Each structure stands twice: as structure tokens, then as C-alpha cells.
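S.K.: Mind looking over this structure? Questions follow.
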Amino acid sequence: MEKACNSHYHNQSLLLLPLFLSLLVAGLAYPTQDEQSQIISRFQQYLQINTTQPSPDYQSSTQFLLSQANSLSLESQVIEFVKGKPVILLKWPGSDLSLPSILLNSHTDVVPFEPSKWTHPPLGAYIDEGGNIFGRGSQDMKSVGMQYLEAIRRLKLSGFQPKRSLYLSFVPDEEIGGYDGAKKLAYSDVFKDMNVEIVLDEGLPSTDENYRLFYAEMAPWWLVIKSNGAPGHGAKLYDNSAMENLLKSIESIRRFRASQFDLLKAGLKSKGDVISVNMVFLKAGTPSPTGFVMNLQPSEAEAGFDIRAPPTADIESLEKRIEEEWAPASRNMTFEFLNKAEYFKGINVYESIIEAYTSYIPPGRDGVSRDEL
Ligand SMILES: *[C@@H]1O[C@H](CO)[C@@H](O)[C@H](O)[C@H]1NC(C)=O
Ligand SMILES: *[C@@H]1O[C@H](CO)[C@@H](O)[C@H](O)[C@H]1NC(C)=O
């Protein structure tokens, strides 16, 4: 339930009304005026609940979601893996319990806002003449959470009965890492028992009429390279100073960055297919009371990089590049990953997702189960 690296769009206004409504399951009658205003009013209610980090009003959001669940006759539980941080889990039981379930996830919390920069109050859920709804979380991602619920409402009204169980999770702390919500849920027995086959979660807002589907995300790979070299007087020219060695690496990394960026600019690859590399810190120099000692070449220097690798990236060749070009021992350089464990976990996750998806065989040949997926 992490997200694509650039899914942090926090624009103020959302989707046009028709767009919102068109997400409701296709093939069903377009909602009547009366239904429309009820649907929008429920969305507004949710937007008006102040679930802004760092202290979201979980009590109100929980109450609201439970009342929605109740009106839809969904089973519900509130699970506090961490006290005060509720995960709301709703269930629409399927008719065939032997089939794995579907999980639709969303988060209840939203990022902070600066009210003075808004044309309408961020918690007001104001609708302008064009049908734009203004509210923090209207895109990220209260809209989606409500759309799940509204779709269920429509399906229930139509008499639809799912074969697979459908779960909805509303997690509390996605905007600050998801450690107390989604992460705890994913490792819980509750989750194991849910027997989930497919999870749908947050994506990117779209500025046109296309809905883009994302099936993978960039894994962060935080690299710190360090260089060591003989210290020396600032006036002396000599090889293999720590700074010189580090600069060679930085140059090489910059060339790689440019080559990836060129592919993107030329339209040969998309954002999710290139490896992004950005230098995020430089640490070197010998401090003095007024800044840095200016006539000494230091014996150590280091730099940090935020690398984002798509699941399709050739990881072995990237690792080789780091060992041989970016931080070679032959130049007295060392490197470490600040989050390598996390990174590997990401690979495992993608491995299992890709494996599961590519070997998936629909259980029945009738249209219903295919539509469902
Ligand atoms: C919303 O909650 C945040 C705390 O997370 C608080 O700082 C802010 O003042 C609240 N805004 C309103 C309008 O209640
Ligand atoms: C490695 O570090 C040592 C000690 O600082 C230095 O004498 C040597 O020149 C360095 N070698 C390279 C290739 O940077």
C-alpha cells in the first residue's frame, strides 16, 4: 500500500462531478438527480471530517465509515493494531468461500494544508458552478474510498451477489508511512485469513478522461558513497584525494542520470521504466570556526543519492555499476544502502505479484467472474 513515487499530488480541486459519477460501475443506470445529490453529499461529509495529519480526527471518520457500512449491510470491524490508529475493515461476503478475496484499500488521513493558499476552505467541500469539489483529500484519496462504497451501493441495489468476498480497508496513517495501519494489517493473522488475491489501491489523478492503471512501483534505493584519500595541502596537485575520487564518481553518476533522463525526454521510455538518480547530500570538508578550512584537501568525503528503480530494472547490472564505477574499492571508495532490506523486500513483493498475476487462471468461463476481476 505504498504508492508510485510521484503519486503525491495534493492539488486542491478534484474531478468534475460527471467524472466522479462515471466511475460507478459501467452498465448500470446513470444515477438520478436525487441519487446524485445524495452521493455527492456523502462524499462532502467525508471530506469535511478533519483527518489531517499529524492528528487526524479518527473518531469522526470511523463513525462515518461505520455508518456507511451499516447502511450497506456490510460486515465491519475496527482494528487498532496501534491504539488510537483504527483500521476499518469492511466485508461483503462472497458466495464461494473457496475463492480468494478481493481487497480495495484506501486511507482516511490527508496531508496538512495552508488555508490561506486555498480559494475555498480546505475542509469545506465546496462545490463550484463547474462541479469542482474543493477539499483536502478530494484526490488523495477520500474520493476513491467513497467510490468503492458507492459502487457497492449500486451493485447491491442491482441485486448483484459476489462470488468472491470483497473487503474494504480504510487505513489511518498512509501519509506518514503506513507503519501503524497498512503494514500491521499486512502482517496480521486477520489479513492471512482474508486470503486476498488482488488489492486495488491509490493511483495518480488523471488530467484527462483516461484512467491509468499502475501495477508496479519504483523501489527506493538510498545509496551513500564514501571516499577516502590522502589528505594534503590545498595548494598541491596530486592524484587520489578523497574529493577527487568522489568527484569522479559523481561525474559518472551524473552521466548515468543524463542517459536515463534522455530516454525519458525522447519518449523512448516512460517515467516508470527508467532508473532515476538524484544527489541528495554532499558531506565533506574540514570545519573551522568560520566555515571550512580552505587550504586543506580532506581525507574523507561522501555523497548520498536517492535512486528509484522500477521492478523491471536490471538490478544486477546496476549493482555492478555501483561496485565498479560509482564506488570502486580501487579508488578507496565504499558504499552502503540505507534501506537495502526494504529494497529487497520490494523485489520479493513484485516477484510474487508478477508471478501471481501472470499465472492467474480465471476460475470459471462464464462472463461474471471475468467481469468481477
Ligand atoms: C485539523 O486538524 C489539524 C491537526 O491535525 C489541526 O492543526 C487543524 O487546526 C484542524 N483544522 C480545523 C479547521 O479544525
Ligand atoms: C587510497 O588511500 C590511501 C590512504 O589514504 C592513499 O595513500 C592512496 O593513494 C589511495 N589510493 C587511491 C587509488 O585512491
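Glycine residues also receive a Cβ, built from the backbone N, Cα and C atoms like all the rest.
Keep in mind that TrEMBL annotations are predicted by a computer and have not been checked by a curator.
Pasting the relevant annotations from TrEMBL:
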ACT_SITE  Asp109  active site
ACT_SITE  Glu174  active site, proton acceptor
BINDING   His107, Asp140, Glu202  Zn(2+) 1 binding site
BINDING   Asp140, Glu175  Zn(2+) 2 binding site
DOMAIN    222-326  domain 'Peptidase M20 dimerisation'
SIGNAL    1-29  signal peptide
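Relative to the rest of the structure, where do these features sit?
M.R.: In sequence order, Thr51, Thr52, Gln53, Pro56, Pro172, Asp173, Glu174, Glu175, Ile176 constitute the residues six or more apart from Asp109 (active site) in its chain with CB-CB distances below 8 Å.
The Cβ of Glu174 (active site, proton acceptor) has 25 neighbouring Cβ atoms from other residues within 10 Å, across all protein chains displayed.
Asp140 (Zn(2+) 1 binding site) carries neither a helix nor a strand DSSP state and counts as coil. All protein chains considered, the CB of Asp140 (Zn(2+) 1 binding site) has 25 other CB atoms within 10 Å.
DSSP states for the domain 'Peptidase M20 dimerisation' (222-326), grouped as helix (H, G, I), strand (E, B) and coil, give 36 helix, 34 strand, 35 coil.
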S.K.: Give the residue from the binding-site residues His107, Glu175, Glu202 that has the most other Cβ atoms within 10 Å of its Cβ, counting over every protein chain displayed.
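M.R.: The largest 10 Å Cβ neighbour count belongs to His107.
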